[in-house]
Amino acid sequence: MVHINVLKKFMCVLVVILIALTVCLWKETRGSYYVPLKNDGTQVHRALDKWNLLKSQGLLHEAAGEMGQMPKALPNNQNKVKGITSGAVEKSRKAAEHVKVWDKDSSSRNLIPRLQKVRKNYLSMNKYNVTYNGKMNAAKLSPEQLLCRLRDRVNVTMIRGSDGPFNSSEWQHYLPDKSLNETVGRLGRCAVVSSAGSLKSSHLGPEIDSHDAVLRFNGAPVKGFQEDVGQKTTIRLVNSQLVTVEEQQFLKDALYNTGILIVWDPAPYHAEIHEWYRKPDYKFFEAYKSYRIRHPEQPFYILNPKMQWQLWDILQENSLEHIQPNPPSSGMLGIVIMMTLCDEVDVYEFLPSKRQTDICHYYQKFHDHACTMGAYHPLLFEKNLVKHLNQGTDEDIYTHGKVTLPGFRNVHC
């Protein structure tokens, strides 16, 4: 009987201890959840929930320093905007300290396992016979030095009637008479508009249309999306796959009838034009001719394939690891084309904003993480380079997905 009473007392004490521990744990959990939501940055914390998940993978970094200073790219006087109260300025300052943007030192370790495997497969496949023997980030270049490399080594030209197999009488009827520079003239501020899903609900349309010229990609529409992407199209860069695939309706869709067209096709690594001409990645030449017959007044250029590998070499030599041995993305090609034509280039949603999403295109519902991080193209390394060159602020990237780059004519080496 005595043993039973002792056992009962022991059980009661044990239950009390368990209850006390449960209460303590509940308070601790409750506190850790609610405390961040009590400060002035409530909206910032909520908006950044999914970005914090990416941060744990090392893809994103805090723009502000560990001590909470304003980042150098965002001086305090930028908050002194007419009509904003001092309280609003303080909230804006605190929000800026939590801005999280693309980390220019991102690496393949940041890729999800599936994309890491895809990258390794492309490295071993080496479809374009890449034999790069140059340096790999031996000494990290300053943005100014890198701009000089791009200006001096990437030759942005279009196929001309004097180029190898295109100098026949047959081709003279199809290639434009004027060069691209002659056609567009001197351009001031230009916009490069990606097709990213994060453009949805951005309300960037009026800002995009305020530029002197706008470049868009492939089949990205403006009709129905003007509020977010604008309606002006000066140049449309399309890949050769789109031109040759029947379901894209390239020859029939009125979408392509506006502005200047440029088509590009992947070529073997540093191949001569005649070698690429004999065996293009996609047999788009007949479709090109058909389009020119239907629309003889619309300028339609073929990008010289040498450019893609000149640009790829610079991407590789400024990366610490081997990048995919495939041509740069249309996005990266378009950025460099506009840097050649314009005094200043604003690039929208090439680096993801606070609206970052795995939806690939603003006009479709297809989801894939590769659209942000890259699979076939060395997109991750392209974004590292663009972030390094950015002359705008991290706040511009976070809020608008906007990167500002100088035109090459304003680069002084």
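Placement of Cβ uses the backbone N, Cα and C atoms for every residue, glycine included.
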Need the cross-check against Swiss-Prot: the disulphide partner of Cys342, picked from Cys24, Cys148, Cys190. Cys190
Selected from Cys24, Cys148, Cys360: Swiss-Prot disulphide partner of Cys413: Cys148
Out of Asn129, Asn167, Asn181, Ser195, Asn239, which of the recorded positions has the smallest number of neighbouring Cβ atoms within 10 Å? Asn129
Based on Cβ atoms within 10 Å, give me the single least packed residue among the disulfide-bonded residues Cys190, Cys342, Cys413. Cys413
How far is it from Asn181 (N-linked glycosylation site) to Ser195 (substrate binding site), counting Cα to Cα, in Å? 25
What residue among the recorded positions Asn155, Ser330 has the most other CB atoms lying within 10 A of its CB? Ser330
Measuring CA to CA, name the entry from the recorded positions Asn167, Cys342, Lys383 that ends up nearest Asn129 (N-linked glycosylation site). Lys383
